[in-house]
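Reading through the structure tokens given below for one structure.
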Amino acid sequence: MVIIGPRGPGSQRLLLSLLLLAAWEVGSGQLHYSVYEEAKHGTFVGRIAQDLGLELAELVPRLFRVASKRHGDLLEVNLQNGILFVNSRIDREKLCGRSAECSIHLEVIVDRPLQVFHVDVEVKDINDNPPVFREREQKVPVSESAPLDSHFPLEGASDADIGVNSLLTYALSLNENFELKIKTKKDKSILPELVLRKLLDREQTPKLNLLLMVIDGGKPELTGSVQIQITVLDVNDNGPAFDKPSYKVVLSENVQNDTRVIQLNASDPDEGLNGEISYGIKMILPVSEKCMFSINPDTGEIRIYGELDFEENNAYEIQVNAIDKGIPSMAGHSMVLVEVLDVNDNVPEVMVTSLSLPVQEDAQVGTVIALISVSDRDSGANGQVICSLTPHVPFKLVSTYKNYYSLVLDSALDRESVSAYELVVTARDGGSPSLWATARVSVEVADVNDNAPAFAQPEYTVFVKENNPPGCHIFTVSAWDADAQKNALVSYSLVERRVGEHALSSYVSVHAESGKVYALQPLDHEELELLQFQVSARDAGVPPLGSNVTLQVFVLDENDNAPALLATPAGSAGGAVSELVPRSVGAGHVVAKVRAVDADSGYNAWLSYELQPAAVGAHIPFHVGLYTGEISTTRILDEADAPRHRLLVLVKDHGEPALTSTATVLVSLVENGQAPKTSSRASVGAVDPEAALVDINVYLIIAICAVSSLLVLTLLLYTALRCSAPPTVSRCAPGKPTLVCSSAVGSWSYSQQRRQRVCSAESPPKTDLMAFSPSLQLSREDCLNPPSEPRQPNPDWRYSASLRAGMHSSVHLEEAGILRAGPGGPDQQWPTVSSATPEPEAGEVSPPVGAGVNSNSWTFKYGPGNPKQSGPGELPDKFIIPGSPAIISIRQEPTNSQIDKSDFITFGKKEETKKKKKKKKGNKTQEKKEKGNSTTDNSDQ
């Protein structure tokens, strides 16, 4: 039980002091519990709340808690029932070691008032640790001469438990040589010992393995064991002995000096020095001044120490002995009989003279390489010598005289296949057994320049980014020559040719020794997409041989050209363009179209359009097509809209980084009926000085005059046809095609058949004109009876050379209605140049080069991008004058009709009939002009 503070009678002052002590000072009290180690989690220890005199309901309010400086997580209190329980595994040996007493001290703290209680929990030991030995095996050396009752101490076991659980008992496995004895030391600890009860013999039992077991006194008992390995030490009590009392050996008289005669073998059952044997020769009979034999003292190997001669001695008797190294030493004896046989003991001799080396690989068959002579000191059949040569070689031996031979060339040589030959000349006598001798002849083959340098492949493809720095290393060619030395020394050079107007050497160079190819100047993808040339490799032989390899260098495009705005009718790209727009137009009305080109290709030439932030306001009713460049109204115009708008259109490509240009469009809003009959661009020039038109060139004036004349004729014919039409034909019904006129430049045709039109009092039906190339033959029957199927695009429509530089413009792709993926950009389907499109859908022209499609023709196609879907027999809103880059949209408007829309148009000044050289010069001039206009436009921003 816990005694909380001393109690007794006292005055009021004493009671007050006790209350203060209870509230502010630490109260004292102590509890004692016990628990066994290794108890499971949740094991009951004691009702600590009840023993401390605390109610269960006040444990939480008074912040009942257990604090311990060490091992605080081993025990825990359940605040619901006030029971102290085991929280985690308790290991007494880890907690207290081998101490006899082991307890866990806890401090229990409660507040309101503050009280501290001390709790000691005794940890009781259980037999959870078996006795163990420090090592798994103990080695005990014992001499075989050790006397009986000899004691050999062993290392005892240890038990981590205490008390009875640590009391140990030893037991030894059964054997006839040793018994176990327990020795008690001064500290009351016990030590096991082995006592020898029977003498040992190492030759019979060199080792003895015993098992020592130990048992503790716990319940249940735990055991341990250790292997006892007894090694019996040797004593020199045995002498060496040979495996045979005598040996017999037969030798030929021609055996070489130091030849092994026999290997003797003696054994000693002892070990160590007692078993180490040393061999020696005691006597050799017959006695001679020269010792003909020697013996190795360590191995017992007998070798010849001189030359045996059958004519001198035909037999020898060798007496040998073996002595161990024990103390005292012991010896064994034996005898070796050697019999000598008479044989053919003289070998032939071979001599090679007059060598002609090295041999040229182009040497003639039959060329003498060397002279060979042979001899043998024997006589008779033993002295007759026959020579032979290594087989399967391009050489042979030719006998020239007795015992003389010539080594000659038998077949053609090839140094690249075999550069040297190791020939073996064998001379064999006629003895029995025959003797032979060999001589080696090394024949080197000298190189002849018969192999040209060879490349790994006949052609290489190299990719180089444009705008590379001068002297840039772009590739390395390597050729291999199978010849040797200077015949294999390869040098590289360019195979000179013309690349356009320049020499190949002005573009690239090749290092003569390394084969590295360098670009001498920055390459321009727009000027040169593919550079194909050959590199020659020649060796230094006489005469030199060579070969060529082809290199195809593709110049990869980089975004180094900003979008260039196509020239306005005034003749300057990037200048302000004025447009007049009636206020009565509805949403989606196209005001103008911005046209731009990019000299790059691929993504670098894919253009997008957007209004500059300065031009985008909350009330500006205009929007530009992302990929079409068409500026259209976003809503119906009203009186609140400003009469004039200055729009800045940003044209941006998709390169990395993107390059931009800016176009300025001036839009003036006019009331209905106030639009002048002349071109909106011309009228705006009088209103706004910034949009004033420049002088129109002579060709444009002539074209407009011709078109105006044709327009008047068309109107007259149209009026006649309308008056003669049946009354059943509605004003909005499709009309029949009518042939207007025919001229040297083509046929002009008018069509209203199958035309989807809108009947409106404000906007009467409009008629379209279109110009076809002269190759299109139209008859009146064709015009009056259009085919039921849609017409295929005319393959004769072509862009002139003056606009070849603009073939990469993505705006033309958008005009053609081919950007069907919307803003998806890269997912769009690029148009082809085929004129056999099965079902054209919209009246625009599509550039075949804008997205990397290589062609110089423009094909008329229909697509969903056209706001008006024409019927199969109808003509589009725009026409192309053959031989001119202009795309002209001409519509016949009634007197009070409003101007529908205007386009940015370009008229070329170069004719297709000019020479090719002049075309290139004109294209370069126009490209420079467009770049200058782009720069001017950027400065306007």
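We count from 1, first residue shown onward.
Using the three backbone atoms N, Cα and C, a Cβ is placed for every residue, glycine included.
The domain 'Cadherin 1' annotation in Swiss-Prot covers 30-133.
Residues or ranges marked as topological domain 'Extracellular' in Swiss-Prot (evidence: sequence analysis): 30-697.
The domain 'Cadherin 2' annotation in Swiss-Prot covers 134-242.
Among the features that Swiss-Prot reports, domain 'Cadherin 3' is placed at 243-350, with the record citing sequence analysis. DSSP states for the domain 'Cadherin 3' (243-350), grouped as helix (H, G, I), strand (E, B) and coil, give 3 helix, 52 strand, 53 coil.
Break the domain 'Cadherin 4' (351-455) down by DSSP state and the numbers are 4 helix, 54 strand, 47 coil. The feature domain 'Cadherin 4' is assigned by Swiss-Prot to 351-455, with sequence analysis given as support.
What Swiss-Prot records for 456-565 is domain 'Cadherin 5'.
What Swiss-Prot records for 581-678 is domain 'Cadherin 6', and it gives sequence analysis as the kind of evidence. Residues in the domain 'Cadherin 6' (581-678) partition by DSSP class (helix H, G, I; strand E, B; coil) as 7 helix, 41 strand, 50 coil.
Positions annotated as transmembrane segment by Swiss-Prot: 698-718.
Positions annotated as repeat 'PXXP 2' by Swiss-Prot: 790-793.
In the predicted model, the domain 'Cadherin 1' (30-133) has a mean pLDDT of 87.
By number of Cβ pairs under 8 Å, the domain 'Cadherin 6' (581-678) is matched best by 456-565 from the list 30-133, 243-350, 456-565.
DSSP labels the residues of the domain 'Cadherin 5' (456-565) in these numbers: 7 helix, 53 strand, 50 coil.
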